[in-house]
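S.K.: Following this message is one structure expressed as structure tokens.
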Amino acid sequence: MLPKVESEYLGLARSHGEQGHMPGNMQAPQFKMMDYSYDEDLDEMCPVCGDKVSGYHYGLLTCESCKGFFKRTVQNNKRYTCIENQSCQIDKTQRKRCPYCRFQKCLTVGMKLEAVRADRMRGGRNKFGPMYKRDRALKQQKKALIRANGLKLEAMTQVMQTVPADLTITSAIQNIHSASKGLPLSHHHHHHHHHHHHSSSSAGLPPADFDRSPFVTSPVSMAMPPHAGGLQGYQAYGHFQSRTIKSEYPDPYTSSPESLMGYPYVEAYAGGSPPSFPHLVVELLKCEPDEPQVQAKILAYLQQEQASRGKHEKLNTFGLMCKMADQTLFSIVEWARSSIFFRELKVDDQMKLLQNCWSELLILDHVFRQVMHAKEGSILLVTGQQVDYALIASQAGATLNNLLSHAQELVSKLRSLQLDQREFVCLKFLVLFSLDVKNLENFHLVESVQEQVNAALLDYVMCNYPQQTDKFGQLLLRLPEIRAISLQAEEYLYYKHLNGDVPCNNLLIEMLHAKRA
């Protein structure tokens with residue numbers, strides 16, 4: 001039996017035409033990496049037009065057509081004009097329509113003017129030989145990483161042992177309970193790590209809206225057309241060529257999206273090769289919620305929740321923690337609904353993906369908060385409180401202690417890997433778009449998103465952390481660990497639910513029941 005929250009969501013969506021076009025994106029479970037077609041997607045698609053590449057020409061792999069076009073343009077010193085607005089689409093079918101935009105794209109993706117011979121003889125300039133060798137080596141390294149980590153993840157280790165005998169939780173984080181009586185709490189100030197592209201679906205909602213099911217959407221929003229452009233332009237990773245940025249990257253949380261689009265290629269390359277910034281990563285970052293706003297909303301909800309209860313009906317510490325996790329899950333669902341790719345799925349597929357990975361997204365959200373902002377020896381709650389880890393450990397039972405210990409180990413690993421916000425966002429999408437979810441109507445889209453995000457993450461890591469040669473693989477290997485912790489947390493939560501310790505009207509439990517159905 002599906003929980004009420006799902007039936008309401010599906011019923012309303014069907015009443016507006018089945019298609020689940022609403023803001024949204026999320027994560028996924030056991031991460032089985034397939035042998036993605038990196039040869040085709042990364043090595044054999046011309047970055048200018050998408051045609052099959054024929055070899056290295058003027059600085060990078062391109063097709064014969066773009067090679068010849070670039071050579072003729074440079075040798076004949078041609079000057080083109082664009083009759084549109086200098087943003088024509090260049091692909092295999094219409095690459096000849098606008099030579100101006102085609103040539104600009106050649107420069108943007110990295111074809112080098114200085115590689116064209118002025119004497120019109122055959123063959124390029126020998127000084128690019130070492131660069132080609134390095135490029136080949138990088139591509140071979142990419143393939144090796146993909147295959148190695150694919151094998152490692154296919155042979156996933158057994159999930160951590162769940163639910164030991166001692167399931168007591170003595171007084172679980174007493175200081176949170178006392179602090180909640182007098183909220184405001186000591187807020188943790190979030191610095192420039194947070195961007196300001198507010199999700200339209202979650203921005204400015206009063207706390208009362210958090211009581212509503214996140215799946216119940218107004219007829220107005222359901223009737224709205226899909227996001228402009230939909231999935232067009234995202235089908236192949238080749239469409240997301242790395243942008244050229246002068247010097248350091250602008251931080252996406254303090255810069256407009258436009259500021260990330262880069263500078264004219266030739267000018268930027270004057271001082272050497274700039275790093276690359278996969279455009280897909282920028283698009284994923286735009287979906288991120290504003291964390292201070294989420295924090296304020298959850299705090300307001302908890303205040304309202306406690307204030308509405310009588311003196312002897314106040315939630316105990318564990319009840320408060322459940323409410324906190326419950327509201328965090330609401331915000332995660334809102335994030336998913338407002339995210340690229342996810343909103344293109346029908347409602348049934350959205351529900352299957354969310355039911356599969358909701359606990360992993362909660363764990364990943366918690367872990368990343370610790371990596372970025374928690375003080376040593378403390379746990380940072382979504383409400384902004386720093387809680388002493390030793391105090392929690394001393395008051396928790398064996399199972400909760402085991403969970404916390406595994407989570408802290410994961411935090412330490414990710415800190416040592418220097419996990420950043422861009423990588424975190426990629427991991428969220430890899431979890432949400434799980435290849436393990438069965439009976440999806442649009443499995444092709446899920447598979448495509450996995451491939452694109454994997455490729456974008458790999459490019460980002462290799463360009464920005466070249467000294468950490470195994471970072472990409474190490475990041476992917478954390479996904480099974482997140483999965484294992486989340487399954488253990490689900491078992492623990494279910495046990496507490498059976499004992500009547502979890503507050504009623506809880507989205508956590510509804511999702512738990514839906515997953516077990």
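Keep in mind that glycine also has a Cβ here, set from the backbone N, Cα and C atoms.
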S.K.: Would you please say which range out of 324-335, 360-371, 504-515 has the annotation region 'AF-2' in Swiss-Prot?
M.R.: 504-515
S.K.: Between the candidate ranges 46-66, 424-444, 445-465, where does Swiss-Prot place the zinc finger annotation?
M.R.: 46-66
S.K.: Checking feature assignment: region 'C-terminal extension (CTE)' per Swiss-Prot, candidates 80-95, 112-127, 128-143. Which range matches?
M.R.: 112-127
S.K.: Report the largest Cα to Cα distance, in Å and rounded to a whole number, among the residues G397, A398, T399, L400, Y492, K496 that the record lists as binding phospholipid derivative.
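M.R.: The two farthest binding residues have Cα atoms 14 Å apart.
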S.K.: For the recorded Zn(2+) 2 site formed by C82, C88, C98, C101, which further same-chain residues have Cβ atoms within 8 Å of the site's Cβ center?
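M.R.: Going along the sequence, the neighbours appear as I83, E84, Q86, S87, I90, R97, P99, Y100, R102, Q104.
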S.K.: Along the motif 'FTZ-F1 box' (128-147), what average pLDDT does this model show?
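M.R.: The predicted confidence over the motif 'FTZ-F1 box' (128-147), as a mean pLDDT, is 58.
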S.K.: Reduce the DSSP letter at L400 (phospholipid derivative binding site) to three states and note it down.
M.R.: helix
S.K.: Measuring CB to CB from C63 (Zn(2+) 1 binding site), give everything in the same chain under 8 Å that is also at least six residues away in sequence.
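M.R.: Once residues fewer than 6 apart are set aside, C63 (Zn(2+) 1 binding site) is near C46, V48, C49, D51, K52, V53, S54.
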